[in-house]
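Asks: Structure below; questions to follow.
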Amino acid sequence: MPAARVEYIAPWWVVWLHSVPHLGLRLQRVDSTFSPGDETYQESLLFLGVLAAIGLGLNLIFLTVYLVCTCCCRRDHTVQTKQQESCCVTWTAVVAGLLCCAAVGVGFYGNSETNDGMHQLIYSLDNANHTFSGMDELVSANTQRMKVDLEQHLARLSEIIAARGDYIQTLKFMQQMAGNVVSQLSGLPVWREVTTQLTKLSHQTAYVEYYRWLSYLLLFILDLVICLVTCLGLARRSKCLLASMLCCGILTLILSWASLAADAAAAVGTSDFCMAPDIYILNNTGSQINSEVTRYYLHCSQSLISPFQQSLTTFQRSLTTMQIQVGGLLQFAVPLFPTAEKDLLGIQLLLNNSEISLHQLTAMLDCRGLHKDYLDALTGICYDGIEGLLFLGLFSLLAALAFSTLTCAGPRAWKYFINRDRDYDDIDDDDPFNPQARRIAAHNPTRGQLHSFCSYSSGLGSQCSLQPPSQTISNAPVSEYMNQAILFGGNPRYENVPLIGRGSPPPTYSPSMRPTYMSVADEHLRHYEFPS
């Protein structure tokens with residue numbers, strides 16, 4: 001046996017959780033000894049759930065106050081303020097996403113650790129149950145051999161060798177030895193009730209653990225989906241998606257606090273058991289198994305003497321005595337009574353099988369096998385199980401913090417979306433630099449192309465007369481130039497009216513540029529048609 005398995009030592013987190021003050025619902029101090037049937041002890045575990053409920057209430061109150069203050073606060077939305085709000089919302093979403101991913105990672109580890117611990121507990125319970133069942137089967141089989149099978153052989157031999165009184169005395173002595181074996185076997189504990197309870201406990205533990213593991217797995221997936229979809233709503237500026245996911249985030253926040261309450265109560269209660277498991281087992285098995293036997297299996301120290309040693313020794317001596325008697329009858333009685341050989345060989349085979357069963361029973365009754373299962377069960381529940389519960393509690397706290405952060409970022413993002421839409425609505429639809437107008441123009445093929453100040457129609461006029469006019473400043477109104485633009489085939493909304501209004505002269509060309517300009521104008525005339 002490995003040295004680490006010789007003695008159970010409670011880990012530090014068990015000692016720390018056991019030292020947590022146990023208070024009832026009326027704030028009275030409660031004994032921390034593990035007693036799940038005691039109402040006051042149940043109230044002390046329920047009080048931990050009440051603390052988690054208070055934390056949830058304070059969290060919701062804080063979020064409500066924050067939402068009200070954010071929605072009612074009016075601020076001047078300058079360009080710098082909008083940039084700051086956008087940056088704040090972005091970084092808040094990033095931090096919340098990182099917290100959510102970290103929480104799910106911690107939760108996966110804690111869920112796996114708890115599941116491993118529970119499976120180790122179930123495996124140890126099944127092994128112990130198999131050992132107890134094997135003990136009962138061996139005791140029952142040996143009792144059957146001694147009381148039924150051996151009696152039948154002895155009865156037939158008594159009829160065969162009835163003429164010899166000394167042989168009859170040998171048979172009676174063997175019958176007495178068989179009675180001693182049955183008496184010693186009846187003194188061994190019957191584990192039937194223990195195996196029934198262990199089977200029930202194993203099945204209940206497996207059932208609860210499966211749905212616990214599955215519930216946390218679904219909660220992890222829900223947290224990730226809500227966090228990712230909320231970040232997607234922020235990125236796409238979808239108010240509907242953001243609002244629905246924030247509502248789901250509040251639900252997940254409630255589930256996180258509820259899981260924290262369950263984890264805290266389970267961790268503290270299990271730590272109370274793991275602090276002194278021997279005492280609890282001794283107090284609850286006294287009516288079924290002798291306390292000396294229970295203590296022998298729980299402690300399994302070299303200083304303890306096996307309570308079954310005397311019974312097993314008597315069993316072994318009785319079998320040895322009967323084998324000697326059968327050997328003498330085979331040697332001396334068979335020559336006189338040949339028909340007795342079959343029954344004597346049957347008794348010899350029966351005694352050999354009983355001796356094999358005795359060795360198996362001795363190995364099963366030894367404390368080392370069951371004590372190892374006991375230590376494995378404690379390791380699974382007190383080390384891996386409680387450690388996983390602590391990580392699950394940390395997951396609940398991180399998830400609550402992450403979704404609280406997302407909920408705080410929601411109203412700011414909502415106001416930012418509304419202000420952005422309002423700024424778009426304030427822009428004139430006829431403004432060519434309006435992004436909405438540009439999108440409409442891009443999807444409307446019937447709308448004419450945008451012409452510059454030097455349009456193709458003005459180029460045609462320049463071809464007819466290339467002499468630069470006198471550079472005079474015109475004081476004509478803007479509408480006159482707009483009408484001129486219409487006559488030349490342009491769009492008055494897209495002409496550079498301020499340039500005309502300043503009285504800027506048209507472009508002039510030197511004699512060297514005239515052939516180049518005329519060739520360009522001819523090429524433009526081939527691609528565009530103008531009204532006559």
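Glycine is treated like the rest: Cβ placed from N, Cα and C.
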Asks: In Swiss-Prot, Cys382 is listed as disulfide-bonded to which of the following: Cys247, Cys248, Cys274, Cys300?
Replies: Cys274
Asks: Identify the topological domain of Cys72 and of Cys240 in Swiss-Prot, and say whether both name the same side of the membrane.
Replies: yes
Asks: The disulfide recorded in Swiss-Prot for Cys367 goes to which of Cys300, Cys408?
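Replies: Checking Swiss-Prot, the candidate bonded to Cys367 through a disulfide is Cys300.
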Asks: Quick check on the annotations: Swiss-Prot lists motif 'PY-motif' for one of 270-273, 314-317, 506-509. Which range is it?
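Replies: Of 270-273, 314-317, 506-509, Swiss-Prot gives motif 'PY-motif' for 506-509.
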Asks: Have a look at Ser35, Ser504 and find the one that Swiss-Prot tags as phosphoserine.
Replies: Ser504
Asks: Fewest other CB within 10 angstroms, which one of the glycosylation sites Asn129, Asn283?
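Replies: Fewest other Cβ atoms within 10 Å, among the glycosylation sites Asn129, Asn283, is found for Asn283.
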Asks: Among the binding-site residues Glu113, Asp116, whose Cβ has the fewest other Cβ atoms within 10 Å?
Replies: Asp116
Asks: I'd like the number of other C-beta atoms within 10 A of the C-beta of Asn352 (N-linked glycosylation site), please.
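Replies: The answer is 12.
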Asks: At the level of the C-alpha atoms, what whole-angstrom distance separates Asn283 (N-linked glycosylation site) and Arg164 (site 'Essential for the formation of the channel-pore')?
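Replies: Rounded to the nearest whole number, the Cα-Cα distance is 58 Å.
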Asks: Checking distant contacts: for the topological domain 'Extracellular' (1-44), what same-chain residues at least six beyond its ends satisfy Cβ-Cβ under 8 A?
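Replies: Sequence-remote neighbours of the topological domain 'Extracellular' (1-44) are 50, 267-269, 271-277, 279-280, 368, 372, 375, 378-379, 382-383, 386-387, 390.
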Asks: Could you count the residues of the topological domain 'Extracellular' (262-385) that DSSP puts in helix, in strand and in coil?
Replies: 102 helix, 0 strand, 22 coil
Asks: Return the residues near Arg164 (site 'Essential for the formation of the channel-pore') by Cβ distance under 8 Å, restricted to its own chain and a separation of at least 6 in sequence.
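Replies: Those within reach of Arg164 (site 'Essential for the formation of the channel-pore'), by Cβ under 8 Å and sequence separation of 6 or more, are Ala333, Leu336.
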